[in-house]
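Encoded as structure tokens, the structure appears first; notes follow it.
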Amino acid sequence: MLGPAVLGLSLWALLQPGAGAPLCLSQQLRMKGDYMLGGLFPLGEAEEAGFRSRTRPSSPVCTRFSSNGLLWALAMKMAVEEINNKSDLLPGLRLGYDLFDTCSEPVVAMKPSLMFLAKAGSRDIAAYCNYTQYQPRVLAVIGPHSSELAMVTGKFFSFFLMPQVSYGASMELLSARETFPSFFRTVPSDRVQLTAAAELLQEFGWNWVAALGSDDEYGRQGLSIFSALAAARGICIAHEGLVPLPRADDSRLGKVQDVLHQVNQSSVQVVLLFASVHAAHALFNYSISSRLSPKVWVASEAWLTSDLVMGLPGMAQMGTVLGFLQRGAQLHEFPQYVKTHLALAADPAFCSALGEREQGLEEDVVGQRCPQCDCITLQNVSAGLNHHQTFSVYAAVYSVAQALHNTLQCNASGCPAQDPVKPWQLLENMYNLTFHAGGLMLRFDSSGNVDMEYDLKLWVWQGSVPRLHDVGRFNGSLRTERLKIRWHTSDNQKPVSRCSRQCQEGQVRRVKGFHSCCYDCVDCEAGSYRQNPDDVTCTSCGQDEWSPERSTRCFHRRSRFLAWGEPAVLLLLLLLSLALGLVLAALGLFVHHRDSPLVQASGGPLACFGLVCLGLVCLSVLLFPGQPSPAQCLAQQPLSHLPLTGCLSTLFLQAAEIFVESELPLSWADRLSGCLRGPWAWLVVLLAMLVEVALCTWYLVAFPPEVVTDWHMLPTEALVHCRTRSWVSFGLAHATNATLAFLCFLGTFLVRSQPGRYNRARGLTFAMLAYFITWVSFVPLLANVQVVLRPAVQMGALLLCVLGILAAFHLPRCYLLIRQPGLNTPEFFLGGGPGDAQGRNDGDTGNQGKHE
């Protein structure tokens, strides 16, 4: 074992720029074990010319070094060594590893993949009818890092049901269990990352964006997923295009140039770039040379941390770069592990001992695995020591170890002896596996994905290299720290990327053209409202609700009816008090002077009955105000018509008596006068009221009024009123009263008055005129007034009718009783009666005898 002094000296030599002797890292990429794990890492990068000139099935030479690939390979080594040193996970067993370079190219990755599938102890893949007992060289594979490679290798491994755990392949298509039944990954799928990106656009109100993707499976599927996510959130993609890979021909490069030109000329200020590192590098290289105006770039995880993209000259002028990176546990011991490992690789004694051990291993048929790894210094890899995918590699190894622990049924004392585990047996324990890595508990879901948080990263330029700053987090929902974001705008204000302005409160969008984000703002009419800011149509309020113009909510309609406290009702109640007071006063006078000639000439008891009926008409007015009820609606018309019929029938008897006395021969007058007084008069009143009862009964049975709530009559209230179902039947209910009034008018209008006598006919004539004027005016007024005021109109008509009859017929008599009692004599009031006519008849007979 090497001493600390030797390690320190080796590490000091390793840190020197351009130092020294080659390392022996390339000899440390495989180690024997009871169970072998394969590893696929991008240790180098191939020259483009090697692909273009390839005419034979030989592998391209990977000459360029990839620091991240080497660090990920070292993370796998560290995880395997930790597991082998633990006594609780695989006690008594050792894991081995066989790590290969993919050069980030499918052509290169296929050779080690075939090697992994070769039969254990050989280099051959035999053809069998059944591979259940087939034991390949490795039990499981860690990697590769990209979706493009995983799409190729995944189908190889899936045929053999060999577990494959990728630490970077995020394409959603890899979640398809029917195509990739043995694929797992320790990174979330692209759908999660793209959902976070769509939430970010929605958070900042960017709904007019450009979406670009690399022209490969990764970019094409990413754009397809993003298009669906954006459409569901009301985000419009103004420009969409694919970025050709660097080795594409000039005609395909021209397409992305056209897209960038359109983006530069439009109002789009935000671009989603879901592309591989090389495609993003090519795009920005052209954008810088063509002086594309600064934008907000929403980056995919593939290029967000790429040194190749970050190091482009002029990249700082491209605008604001935001993107999401998977959050994992911090491997605090990893930087020291790398430093120690590189120090050992620089020590000749260690490398010599390692070379002797390598001689005991099988010859490496793929040649030297990473020759460029032997020519690096610590400075070459120091920038990626805390790369976020390092933990993903670490967790992938622990997932396989935990599944093997479960398969072997290991416990604290060891793992029971049994036949070697086959890959398909291990796969059964990988599904829905829960495992621990770096202090975190992780779990594969049914699609082989893990649920991990994302950090929202912002590029903050410090000199020529940007640093990644945390400005938010996504774990199913997005949380941003806006104050930490530094925008590329001169005033550090958030850029606006919208096709149309945000509609104001109470306005909805009327879409123009093909994009839902381009629209005019239209006001919501009364009775409708805007429910959500992105609505394209106004939502109608419910039947019991209302809203003003440009409203964002509906209000409950309150019930509207003729309330007791309304000014019109209060005025009518004052009028009612006046009318009822006059009726009671007149009734009191008539009762007090019931035996006087004036009262007897007015009908005596019938006159008092008529006044009582007028009082009942006044009281019936109280049925109209207030919230209507079914009983109230049914009682309004009968209880107001019947008392009026009783009053008019008594006046009809007065008119008939005056007509008989004045216009008919004395012989007829004597015969009819008895029918107009006494019991016969009451019979006439009863018959008139029975006719009215019959009409009212028919009205209530055939067309009963009902309480209805009208939701449309008033803009903000619900009108509750008694609805008349038939205006014809309503008019017929007035027929008895109208007929009695008309007969009264005819019986008194042309009657000759007698000199020196009280003109009873005149009072009746004016009373009937008041009746007709009131009810004739009532009809057009009722038809044109608001429905809510119709009860007030009928109240007013009844009270005016009562006051008209009082003023024309009863009050003059009351005046005579009070102010001129001397006229209250039989000669003044009863002279025109039948007795007087008989006296005049006798006088005429005597004069005839004298003449003879």
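Keep in mind that glycine also has a Cβ here, set from the backbone N, Cα and C atoms.
Annotation source Swiss-Prot lists signal peptide at 1-20.
Annotated topological domain 'Extracellular' per Swiss-Prot: 21-570 (among others), in sequence order, evidence recorded as sequence analysis.
Residues annotated as N-linked glycosylation site in Swiss-Prot: Asn85 (among others). Around Asn85 (N-linked glycosylation site), no same-chain residue at least 6 positions away in sequence has a Cβ under 8 Å from its Cβ.
The annotation N-linked glycosylation site is assigned in Swiss-Prot to Asn130 (among others). Cβ contacts within 10 Å of Asn130 (N-linked glycosylation site), excluding its own Cβ and spanning all protein chains shown: 6.
Residues near Asn264 (N-linked glycosylation site) in space but far in sequence (CB under 8 A, at least 6 apart, same chain), listed by position: Leu292, Ser293. Annotation note: Asn264 (N-linked glycosylation site) sits in a helical segment as assigned by DSSP. Look at Swiss-Prot and you will find Asn264 (among others) tagged as N-linked glycosylation site.
Non-local neighbourhood of Asn285 (N-linked glycosylation site): Leu312, each in the same chain, at least six residues away, with C-beta under 8 Å from its C-beta. Here Swiss-Prot flags Asn285 (among others) as N-linked glycosylation site, drawing on sequence analysis.
Residue environment of Asn380 (N-linked glycosylation site) contains 14 other Cβ atoms, counted within 10 Å of its Cβ in all protein chains. Swiss-Prot lists Asn380 (among others) with the feature N-linked glycosylation site, giving sequence analysis as the kind of evidence.
Reduced to three states, the DSSP call for Asn411 (N-linked glycosylation site) is strand. The N-linked glycosylation site annotation in Swiss-Prot covers Asn411 (among others), and the record cites sequence analysis as its basis.
Positions annotated as N-linked glycosylation site by Swiss-Prot: Asn432 (among others). The DSSP secondary structure for Asn432 (N-linked glycosylation site) is coil.
The N-linked glycosylation site annotation in Swiss-Prot covers Asn475 (among others). Neighbours of Asn475 (N-linked glycosylation site), defined as other CB atoms within 10 A of its CB across all chains, total 13.
Non-local neighbours of the transmembrane segment (571-591) in the same chain are 599, 602, 607-608, 611-612, 614-615, 618-619, 621-622, 792, 795-796, 799, 802-803, 806, 810-811, 813-814, 817-818; each lies 6+ residues outside the stretch with a CB under 8 Å from one of its CB atoms. What Swiss-Prot records for 571-591 (among others) is transmembrane segment.
The feature topological domain 'Cytoplasmic' is assigned by Swiss-Prot to 592-603 (among others). Helix, strand and coil counts under DSSP for the topological domain 'Cytoplasmic' (592-603) come to 6 helix, 0 strand, 6 coil.
The feature transmembrane segment is assigned by Swiss-Prot to 604-624 (among others), with sequence analysis given as support.
Looking only at the topological domain 'Extracellular' (625-639), the predicted model's pLDDT averages out at 92. Per Swiss-Prot, topological domain 'Extracellular' is recorded for 625-639 (among others), and the stated evidence type is sequence analysis.
Under the heading transmembrane segment, Swiss-Prot lists 640-660 (among others), citing sequence analysis as support.
Positions annotated as topological domain 'Cytoplasmic' by Swiss-Prot, on the basis of sequence analysis: 661-682 (among others).
Here the candidates are the glycosylation sites Asn380, Asn411, Asn475, and by Cα distance the one nearest Asn130 (N-linked glycosylation site) turns out to be Asn411. Distance from the CA of Asn475 (N-linked glycosylation site) to the CA of Asn380 (N-linked glycosylation site) is 34 Å. Long-range contacts of the transmembrane segment (792-812) within the same chain: residues 562, 568-569, 572, 575-576, 578-579, 582-583, 586, 602, 607, 611, 614, 617-618, 620-621, 624-625, 636, 640, 644, 647, 651, 763-767, 769-771, 773-775, 777-778, 781-782, 785, each at least 6 residues beyond the stretch ends and with a Cβ under 8 Å from a Cβ of the stretch. Across the topological domain 'Extracellular' (704-729), DSSP assigns 3 helix, 12 strand, 11 coil. Separation of the C-alpha atoms of Asn475 (N-linked glycosylation site) and Asn432 (N-linked glycosylation site): 20 Å, rounded to the nearest whole number. Helix first, then strand, then coil: DSSP counts for the topological domain 'Extracellular' (784-791) stand at 6 helix, 0 strand, 2 coil. Each residue contributes its Cα atom, and for Asn411 (N-linked glycosylation site) and Asn432 (N-linked glycosylation site) those atoms are 21 Å apart.
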